[in-house]
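Asker: Please find one structure pasted underneath; my questions will follow.
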Amino acid sequence: MEPPTSHVTNAFSDSDSASVEEGGADADADVEALRRLSDNLAAAFRSPEDFAFLADARIAVPGGGGGGGDLLVHRCVLSARSPFLRGVFARRAAAAAGGGGEDGGERLELRELLGGGGEEVEVGYEALRLVLDYLYSGRVGDLPKAACLCVDEDCAHVGCHPAVAFMAQVLFAASTFQVAELTNLFQRRLLDVLDKVEVDNLLLILSVANLCNKSCMKLLERCLDMVVRSNLDMITLEKSLPPDVIKQIIDARLSLGLISPENKGFPNKHVRRIHRALDSDDVELVRMLLTEGQTNLDDAFALHYAVEHCDSKITTELLDLALADVNHRNPRGYTVLHIAARRREPKIIVSLLTKGARPADVTFDGRKAVQISKRLTKQGDYFGVTEEGKPSPKDRLCIEILEQAERRDPQLGEASVSLAMAGESLRGRLLYLENRVALARIMFPMEARVAMDIAQVDGTLEFNLGSGANPPPERQRTTVDLNESPFIMKEEHLARMTALSKTVELGKRFFPRCSNVLDKIMDDETDPVSLGRDTSAEKRKRFHDLQDVLQKAFHEDKEENDRSGLSSSSSSTSIGAIRPRR
């Protein structure tokens, strides 16, 4: 006979077993319920077309989705998930005395949301989408390949610029919105890949970690130590980082004996004077400083400095002095072309190549200029479709230019069959060149502008191709009438023809794809009017396509001219997510 206690023990054992099973089932049910809640809330953000009527705010992202975009959001969800956003919405509601907006609610500019840091870190459309998606769903989705992968087929996409920049943008947005768990997650991810990050990209991470401050102290300390021990020069650091961080780097390098107390790692005063002259866009002052004989352009690494920090016009003027070795290396082993590949400015790259820069030269770690450019370019920018007549992305254009330069097979000979057929007819040659370049400006605006700037077309007199009509007053002094009879070649005609011819030659050399398209149009034996009446379906389609492109370009130019006069060119292009300091 079993003791009485055995029955009690068995009863408790059976009860415990049942409760464990029930507890497991309850846990599974809870997980499933949370998953459904996550999916349902995420759908409100991921499917704006279905939930637009519920959205009561929108966040405007400059440059998002290719040309700027708004993300529809719901203030109640964001306020519940982010203390920072709750404060933003509360202040705006109080200021508006409880009034609401119409047609999707109030509109918030992302840069205003990010405060002062938004001027230094450009948080992209996809990075903000990931942060907002996390606020809705509580889960981190897959990183978007178009924004996180570079176009170098040999890259592991762990520490390349697109991957690092994307994580840094998410980290900064999450920290600003006070989303602690997402901030910690992306801080850990960056810490895990720091050893694989190229030294130039460390500045980007250091800048973001410094802005995040206390929420990213581990990342800040480790990144700061790596920059201190790196071969990054003080000029580059000074242009990229705030003064308080520069002081920490100088103090650390002094304590480690990496720099001398006399110059603290900065170049001597003669070199600094040349750099300041370049910052002032004063190449004539640079020439005067060189006559003092204290230094030269190569010792001052003036071309490197101009390419990295100055307007493209200054680089061109400096090259025209013909006083610097265009293939000179800086202490880190970078040629001027390597720096230009990081800058990603097509005009600068073409200017260097036309002056003899060697695209096959490699850095100390074995990278050519084209590979540097590829490691900086996002797949979304490179493989994205560009609408005809719209500017090509600069990143893609730089890669195409460098690849073409490596092939060393520019198309030779006349611009096309039509120009060769013009023979000795100077008027015909001028008309051809003017028409070809004008068509290139419409169909391939970015490529045409690069070639025209280097050929200095803007410094010549534009031909009046009209039928005797007087040009507008503002253009009378900048046009030359080709309809004069008899036509006599003048000095201004020759200058214009030389510049236009060089434009076409540069197009042949660096933009063969575009040149082939122009060849097919310009070499058509039939004029456009008869082409429009042609019964051939293919030719009629080609005519109408061309007509649409020209008409669209005309209307866009007219609208732009109505809005404003001349547009000024931008000065310096930032590398990555961090805006350069001046």
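Even glycines carry a Cβ here, placed using N, Cα and C.
What you see is a predicted model, and the numbers here were worked out from it, not measured in a lab.
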Asker: Scan 1-25, 251-275 against Swiss-Prot and say which stretch is down as region 'Disordered'.
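Answerer: Here Swiss-Prot associates region 'Disordered' with the stretch 1-25.
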Asker: Among 42-56, 147-161, 297-311, find the range that Swiss-Prot records as zinc finger.
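Answerer: When 42-56, 147-161, 297-311 are checked in Swiss-Prot, zinc finger belongs to 147-161.
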Asker: Just counting, how many other CB atoms are there within 10 A of the CB of Arg436 (salicylate binding site)?
Answerer: 24
Asker: Taking only the residues in the domain 'BTB' (55-140), give me the average pLDDT of this model.
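Answerer: Value for the domain 'BTB' (55-140), mean pLDDT as a whole number: 83.
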